[in-house]
């Protein structure tokens with residue numbers, strides 16, 4: 001009897017120890033996720049600081065509107081090419097190494113901007129942008145440390161960081177450049193990016209997923225069209241990626257042209273445009289922080305994907321009929337909801353659809369969608385606005401998303417076959 005009691009006591013201690021270990025592991029995972037949020041929020045703050053600064057810096061160096069367009073296009077192309085390479089780098093060397101690369105590239109980016117006393121140096125400062133992918137880096141960390149059921153909610157909260165970045169970056173950048181000079185935000189960005197690098201080094205574990213999940217060979221290329229095509233062959237990937245690209249493309253064109261539309265169509269001053277951007281940031285924080293996660297835990301991903309496309313179609317109709325900036329403020333709420341939900345759900349679905357060793361590459365491909373829009377958008381958006389007016393963006397949004405909604409209703413996307421890590 002005493003032997004049996006001893007065994008029972010030992011088993012109980014082992015069970016308690018296991019529970020304690022599991023709790024400790026969960027606490028560590030939550031800490032890593034929170035650190036990823038902090039890095040993403042700081043990265044976006046510095047990015048939006050320079051976005052507000054760039055037109056004034058370019059103008060002070062004598063760059064005209066055409067040259068500024070070339071500058072933006074170069075940055076878009078670098079981000080487009082670099083997104084997939086960055087994702088493959090994360091798969092091969094780990095999420096921590098990828099985040100460190102992104103933050104260090106940001107430091108070089110701001111250093112070159114602070115030294116940009118002429119136009120060639122300003123163009124040269126865009127080059128580190130090829131590896132500046134703070135959000136995909138944070139997404140990779142979160143993807144590695146969450147289960148498939150937790151992923152959509154955890155990824156959705158990154159949008160809260162996006163809202164923080166828009167509001168704080170725009171406000172801080174404007175105040176610093178106005179009161180202390182156009183180069184001061186670049187100094188702040190440089191120091192901040194160095195601090196972000198240090199946070200990534202100290203607080204992100206060198207290994208964020210089991211070693212058994214690393215299947216990429218050491219000799220595989222960081223950029224390979226064959227690898228992209230291989231990922232697109234997994235069940236459901238091609239279909240969901242098509243929806244991701246086309247559902248948000250028309251509104252992407254509108255946002256690219258927004259600075260011109262806000263002046264010509266809405267008649268806004270620069271300060272009023274800043275208030276409107278802050279309003280968008282608040283909406284983003286509310287939607288991502290309070291709505292997306294709760295819906296993701298209660299509804300299936302396919303239901304939410306269809307919902308976001310349907311809401312996008314309604315937004316298109318509203319945009320086609322809007323006449324004042326107040327109409328746009330009303331439309332902005334469902335617009336931010338659809339945009340946030342689409343991005344979160346498609347990223348969640350696509351990372352579950354591929355092996356865990358390829359999640360970085362998949363996130364890199366997803367991150368290339370917006371740079372692609374920024375690259376081809378100015379030309380297409382300019383033609384639409386000049387030839388057909390603001391309503392053309394709304395009608396295009398309506399037609400594209402109605403078509404995608406019908407496609408999602410009729411097609412049998414095999415989500416149930418998607419692999420869980």
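Note: Cβ is positioned from N, Cα and C throughout, glycine not excepted.
Annotated range for transmembrane segment in TrEMBL, selecting from 93-113, 114-134: 93-113.
Of the listed segments 69-86, 213-230, TrEMBL assigns transmembrane segment to 69-86. Looking at 6-28, 328-350, the range tied to transmembrane segment in TrEMBL is 328-350. Most Cβ pairs under 8 A with the transmembrane segment (390-409) among the ranges 93-113, 158-176, 182-204, 240-261, 304-322 are made by 304-322. Fewer than three CB pairs closer than 8 A are found between the transmembrane segment (158-176) and the transmembrane segment (304-322), and contact between the two stretches is not assigned (pairs 6 or more residues apart). Residues 31-32, 35-36, 38-39, 42-43, 45-46, 49-50, 53, 56-57, 60, 95-96, 99-100, 103-104, 106-107, 109-111, 113-114, 134, 141, 172-173, 176 of the same chain, all 6+ positions outside the transmembrane segment (182-204), place their C-beta atoms under 8 angstroms from a C-beta of that stretch. Outside the transmembrane segment (328-350) by six or more residues, the chain places 139, 148, 151-152, 155-156, 159, 236-237, 240-241, 243-244, 247-248, 251, 266, 276, 279-280, 283-284, 287-288, 291-292, 295-296, 301, 304-305, 307-309, 311-312, 314-315, 318-319, 322, 362-363, 366, 415, 418 with a CB less than 8 A from a CB of the stretch.
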